[in-house]
Amino acid sequence: MSSDQQQPRGPVDSSRIPRFAGPATFARLPRLDEVGRADVAVVGVPFDSGVSYRPGARFGSNAVREASRLLRPYNPAQDASPFALAQVADAGDIAANPFDIHEAVETVERAAGELLDTGARLMTLGGDHTIALPLLRAVARKHGPVALLHFDAHLDTWDTYFGAEYTHGTPFRRAVEEGILDTSALSHVGTRGPLYGKKDLTDDAKMGFGIVTSADVMRRGVDEVADQLRQRIGDRPLYVSIDIDCLDPAHAPGTGTPEAGGMTSRELLEILRGLASCNLVSADVVEVAPAYDHAEITSVAASHTAYELTTLMARRIAAERESAER
Ligand SMILES: [Mn+2]
């Protein structure tokens, strides 16, 4: 870090103020308005009007913040201190209209775009999966079509529900139609569970998606899966969208559309750590619905997932800064 660069302001010191005291920003980090600007902005989108089954993900953003109180500043699995490598700050919530999905989608796109314009990468805490579409629109406006790694039990490339184009089961079909994804590098990971018909899969493949099912992860192992994903992504700008229902209900019961036979949280975290060289430009973790949770199992898993993603972004930011100074 060069001398003119201010040392990032890190989390509250938990040896002085207990972890369970004070307001719950993500990982006890400063708010964005306290630090002025951020390299990584953690932003909530408490919106769940796009769900097809159990509602409740509107409470996910703050549940993940609460569960993130126990995150510590050094990440040994990636040998990095993300909050020292880059300024990470909590940007609060985007206030999306719960009664008007079209207006909510516009609001999220605009607010995400404003944060991206400050130079921040986004670590978004949902909210239901509908929000991935406006987030991708904002990211693509900055980076062009992006590679997408989509962790989910479901494909989320269905066309419409009840005639509605914007739902939590349709964001990636809309994104392909809009040309905001790089269709040479699209992957679903953790896919499983019953579908409406085989056509769901053939339609999805036509859009360019590759599928790594949860059974593939178990059979091939996390290292091989991460290697293959990394090769497919290369150095393209990458967006990672994580529906917490990619995890087995044993690891994430608090979600809207659970499916048996999913990945463990250990497998998810290890695959993410295997993406260390990728150019992760922004990410989301969505579909945490705390009312169906037990003992914060789901929000703890989501907070650690967001922590690994934040670490990936902070490492990339530090590496880019270093190469620019050379
Ligand atoms: Mn989803």
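Cβ from N, Cα, C; glycine included.
Automated prediction, rather than curation, is the source of TrEMBL annotations.
What you see is a predicted model, and the numbers here were worked out from it, not measured in a lab.
What TrEMBL lists as Mn(2+) binding site is His129, Asp152, His154, Asp156, Asp243, Asp245.
Overlay of TrEMBL feature records on the structure.
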residue : record              : DSSP (3 states)
His129  : Mn(2+) binding site : helix
Asp152  : Mn(2+) binding site : coil
Asp243  : Mn(2+) binding site : strand
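Apart from the site residues His129, Asp152, His154, Asp156, Asp243, Asp245, the chain places the Cβ of His150, Ala153, Leu155, His168, Gly169, Cys246, Thr257, Val286, Glu287 no farther than 8 Å from the centroid of the site's Cβ atoms, the recorded Mn(2+) location. Once Cβ contacts within 10 Å are tallied over all protein chains shown, the binding-site residues His129, His154 are led by His129. Sequence-distant contacts of Asp152 (Mn(2+) binding site), defined by Cβ-Cβ distance under 8 angstroms and a gap of at least six in the same chain, are His129, His188, Val189, Gly190, Thr191, Ser241, Ile242, Asp243, Asp245, Cys246. Between the listed binding-site residues, namely Asp156, Asp243, Asp245, the fewest other CB atoms within 10 angstroms of a CB are found at Asp156.
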